[in-house]
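J.: What Swiss-Prot records for this protein is below:
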type     : residues                    : note
TRANSIT  : 1-32                        : transit peptide
MOD_RES  : THR35                       : phosphothreonine
BINDING  : TYR57                       : chlorophyll b 1 binding site
BINDING  : TRP79, SER85, GLU98, ARG218 : chlorophyll a 1 binding site
TRANSMEM : 99-119                      : transmembrane segment
BINDING  : HIS101                      : chlorophyll a 2 binding site
BINDING  : ARG103, ILE152, LEU181      : chlorophyll b 2 binding site
BINDING  : GLN136, LEU146, GLU213      : chlorophyll a 3 binding site
TRANSMEM : 151-171                     : transmembrane segment
BINDING  : SER156, GLU172              : chlorophyll b 3 binding site
BINDING  : GLN164, PHE261              : chlorophyll b 5 binding site
BINDING  : GLN164, ARG175              : chlorophyll b 4 binding site
BINDING  : LYS212, GLN230              : chlorophyll a 5 binding site
TRANSMEM : 219-239                     : transmembrane segment
BINDING  : HIS245, ALA254              : chlorophyll a 6 binding site
Amino acid sequence: MASSTMALSSTAFAGKAVNVPSSSFGEARVTMRKTAAKAKPAAASGSPWYGPDRVLYLGPLSGEPPSYLTGEFPGDYGWDTAGLSADPETFAKNRELEVIHCRWAMLGALGCVFPELLARNGVKFGEAVWFKAGSQIFSEGGLDYLGNPSLIHAQSILAIWACQVVLMGAVEGYRIAGGPLGEVVDPLYPGGSFDPLGLADDPEAFGELKVKELKKGRLAMLSMFGFFVQAIVTGKGPLENLADHIADPVNNNAWAYATNFVPGK
């Protein structure tokens, strides 16, 4: 009897129907099913970014974090004064929104700075300042991508909009749906084709990369907000504003502009 019980508990029979001879259990039939626990985010063991002993937002001066912020997810510094993460479903949605916005902000910040950097080093663009570049599509000659007429030559804002919707919608749909075979478990970190360098192969390194992504992404979102404010206030790109500040920091800073700014002038 004991040996039969031990044999039935073996993982080799997980998920299979096991017929036991009637000589052992009468006319009994035992069905065993494998149940998988819900996967939890992997955290790097001994990492300072995860768990109850993780780094908090004010270091040793931080108060007790809310009970629902356990350090299970990357970027959790125990700070949620507004209680935005108290509801698990809202927390999951906000986590996804933050990661996606972080990635867009990092790409956006690079796209704002890099063309202006190239233009300041002799590369010819029709317009290198990020918030002015798009308006070139309304010019007589249209907009040449990278200033090269042999690349994409855009003359219709509606066509550009349609292409963006189709292309980005396809990529996002692919990510959210889990790929063509639905093999992606976590749409935030799909891996596979989205990780050609295999950066997620090591769980501990992957856990640290998640934290780095969020930290840099949060800075990028603040940077993009600053770029928008600069564009409204000074009408210049981020690198030109930086050059002006270095040349005359007393008269070219946020405080000076705030005290002298008159909207519409």
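Cβ atoms are placed via backbone N, Cα and C, with glycine included.
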J.: Report, as a single number, how many Cβ atoms besides its own are within 10 Å of the Cβ of HIS245 (chlorophyll a 6 binding site).
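T.: Other Cβ atoms found within 10 Å: 15.
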J.: Quick one: of ILE152, SER156, GLN164, ARG218, HIS245, which binding-site residues lie within 10 angstroms of the residue listed as 'chlorophyll b 1 binding site', measuring between C-alpha atoms? Sequence order, please.
T.: none
J.: Beyond TRP79, SER85, GLU98, ARG218, what residues of that chain have CB atoms within 8 A of the centre of the chlorophyll a 1 site's CB atoms?
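T.: After dropping the recorded site residues, what remains is GLY75, ASP76, TYR77, ASP80, ASN94, LEU214.
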J.: Within its own chain, what residues at least 6 apart in sequence put their Cβ under 8 Å from the Cβ of GLN164 (chlorophyll b 5 binding site), listed in sequence order?
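T.: Expected: none.
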J.: Hey, what's the widest CA-to-CA gap across TRP79, SER85, GLU98, ARG218, the chlorophyll a 1 contacts in the record, in Å?
T.: 17
J.: Taking the Cβ of the residue listed as 'chlorophyll b 1 binding site' as centre, how many other Cβ atoms lie within 10 Å?
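T.: Excluding its own Cβ, the residue listed as 'chlorophyll b 1 binding site' sees 13 Cβ atoms within 10 Å.
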J.: Which Cβ among the binding-site residues (HIS101, ARG103, ARG175, LYS212, ARG218) has the fewest C-beta neighbours inside 10 Å?
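T.: Output over binding-site residues HIS101, ARG103, ARG175, LYS212, ARG218: least Cβ neighbours within 10 Å is LYS212.
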J.: Can you tell which of SER85, SER156 has the least company, meaning the fewest other C-beta atoms within 10 angstroms of its C-beta, among these binding-site residues?
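T.: So among SER85, SER156, the binding-site residues given, the one with the fewest Cβ atoms within 10 Å is SER156.
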J.: Quick one: Cα separation, GLU98 (chlorophyll a 1 binding site) versus GLN230 (chlorophyll a 5 binding site), in Å?
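T.: The separation of the Cα atoms works out to 23 Å.
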J.: Measure from the Cα of ARG218 (chlorophyll a 1 binding site) to the Cα of every one of the binding-site residues GLN136, ILE152, LYS212, then give the nearest.
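T.: Sorting the binding-site residues by distance from ARG218 (chlorophyll a 1 binding site), the top entry is LYS212.
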J.: Cβ neighbours within 10 Å, counted over all protein chains: which one of the binding-site residues GLN136, GLN230 has the most?
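T.: When each Cβ's neighbours within 10 Å are tallied, GLN230 tops the list.
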J.: State the three-class DSSP label for the residue listed as 'chlorophyll a 2 binding site', counting H, G and I as helix, E and B as strand, and everything else as coil.
T.: helix
J.: Within 10 Å of the Cβ of TRP79 (chlorophyll a 1 binding site), how many other Cβ atoms are there?
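T.: Here the count is 15.
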J.: Could you check the binding-site residues GLU98, GLU172, GLU213 and say which one's CB has the fewest neighbouring CB atoms inside 10 Å?
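T.: Among the binding-site residues GLU98, GLU172, GLU213, the lowest count of other Cβ atoms within 10 Å belongs to GLU172.
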